[in-house]
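Below: the structure, in structure tokens.
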Amino acid sequence: MQCDHSVGFGGSPNERGEVTLDAMIMNGRTMQIGAVANLKKIKHAVKAARLVMDKTYMTLLAGNDATEFATKFGLKQTNLSTEYSNELHKKWIDGGKVPNYWKSEEPNVFDPNHVGHDTIGMVTRDSQSNFACSTSTNGLSFRIPGRVGDAPIPGSGCYVENGVGGAAATGLGDVLMRFLPAYRAVVVNMKYRNMHPKDACAEALQEVLKYEPKSFGGLVCVNEAGEYGAAAIGAFRDYYKYSFVSMDTGRVIVRNWNE
């Protein structure tokens, strides 16, 4: 999956200028998961994650070993960098390596002007009410090499459970993964508290703000009845949108999180 130079090949480079990918896929009927992190030289990260789920008893593979695994099952290695990502990295170097993610440096990583990344998250329900979800991302621009974000972490990037629903998150992953917002929305809020998806999203993200009031992110959720909703915190409140496919018409509809 690719979007606006912030997700997929040619997307956000790390401090070394490398483009790497994180991805996850989850089956809500079997609760099986496959994920890859810090994946190098493989363009189709979700396919690699699916191979982990289908071919192994593992949940998450990372780094060069994940690349070797994906290649073993036929995914071709390729250079994930592009002219765009190389130029982005050069400008970062020339600009004094700002922003960065070292506690000893400035500016603060919570500066909304330096969001610099995104995640594609998808939740699906078929005609038999089986749920599935997937995520794909490059992660933060100019991240420390080896960094793994929230996208491949079950319950953080996304989560589904048949009979309940599913959720997918995006935002400052290093904070969000501490709170498992997708799991909280689906299991804690919808399953056990019987919340509407919109309220389930809002409560899950408010939990993040209790401890990290400067954080930012968005969360979208759908339940078994087909009801859906979203919430956003921090800088994401200004622009977070989600899309859904109408079950009646098949049309793709885009909405702001607060509609």
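From the backbone N, Cα and C atoms, a Cβ is placed for every residue, glycine too.
Annotated features, as they stand in TrEMBL:
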ACT_SITE  Thr119  active site, nucleophile
BINDING   Arg147, Val148, Gly149, Asp150, Thr170, Gly171, Leu172, Gly173  substrate binding site
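Structure coloured by features recorded in TrEMBL.
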| residue | record | CB count, 10 Å |
| --- | --- | --- |
| Thr119 | active site, nucleophile | 28 |
| Arg147 | substrate binding site | 17 |
| Val148 | substrate binding site | 21 |
| Gly149 | substrate binding site | 26 |
| Asp150 | substrate binding site | 30 |
| Thr170 | substrate binding site | 29 |
| Gly171 | substrate binding site | 27 |
| Leu172 | substrate binding site | 24 |
| Gly173 | substrate binding site | 26 |
Item to check | Distance from the residue listed as 'active site, nucleophile' back to Gly171 (substrate binding site), taken between C-alpha atoms, in Å | outcome: 8
Item to check | Pairwise Cα distance for Asp150 (substrate binding site)/the residue listed as 'active site, nucleophile' [Å, integer] | outcome: 9
Checklist outcome for this item: Taking every pair from Arg147, Val148, Gly149, Asp150, Thr170, Gly171, Leu172, Gly173, which the record gives as binding substrate, the longest CA to CA distance in angstrom is 16
Next on the checklist: I'm trying to understand the geometry here, so how far is the Cα atom of Gly149 (substrate binding site) from the Cα atom of Thr119 (active site, nucleophile), in Å to the nearest whole number?
Outcome noted: 10
